[in-house]
């Protein structure tokens, strides 16, 4: 919501389902805006994984996905919750700072692109780092850019049986003036009920 209220829209079952997708990913990609607004952990709650996922990732060999945070203005601080969790964290920045960071946190410097991080360059870097499965949990700005740039292979949406009205935050920002005829087009890959909620898995239609 625009007033900052965000916990919880979906059910416990839906949130547990998200853990499965996180566990199967090499990277969880987000932005400093999400860190500042929600102060999330963005980690895998291993004990909440279903039996099938646990059988794939036994505790002895399980590794948390790398949390990659786009932070062009160095807004993420050592005091944020995500920094206090286990697992690697990469802060993608235009310049490093001299603050004391834990060993699991690395500042990675990207080239300045109009005072912003070049997302295409970042994704290329991830690919060169042999990372090929990126799970994105972000706000409307980053999500909108990725969708508008056709950089998404799958879109996963959890829908709760609630109506929030015009004060709800948008899923993504689309800055072009769209008509129905040139809207972003998707096709359904899977629809299923998760507890009281619905999970949609969509893939973009080829241009």
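Think of each number as a place in line: the chain as shown, counted from 1.
Every residue, even glycine, has its Cβ placed from backbone N, Cα and C.
Long-range Cβ proximity for residue 45 (substrate binding site), meaning a same-chain Cβ under 8 A and a gap of 6 or more residues, is found for 16, 19. When secondary structure is read from DSSP and collapsed to three states, residue 45 (substrate binding site) falls in the coil class. Feature annotation from Swiss-Prot assigns substrate binding site to 6, 22, 42, 45, 137.
Per Swiss-Prot, NADP(+) binding site is recorded for 8, 38, 72, and the stated evidence type is similarity to another entry. Classification of residue 72 (NADP(+) binding site) by DSSP places it in coil, neither helical nor stranded. The Cβ neighbour count for residue 72 (NADP(+) binding site), using a 10 Å radius and every protein chain shown, is 17.
Distance from the CA of residue 8 (NADP(+) binding site) to the CA of residue 137 (substrate binding site) is 15 Å. Taking the C-alpha positions, the distance from residue 42 (substrate binding site) to residue 72 (NADP(+) binding site) comes to 19 Å. Separating the Cα atoms of residue 38 (NADP(+) binding site) and residue 22 (substrate binding site) is a whole-number distance of 18 Å. In the three-state DSSP scheme, residue 38 (NADP(+) binding site) falls into the helix class. In this record, NADP(+) is bound by 8, 38, 72; the longest C-alpha to C-alpha distance in that set is 29 Å. Cα-Cα distance from residue 22 (substrate binding site) to residue 72 (NADP(+) binding site): 24 Å (rounded to the nearest whole number).
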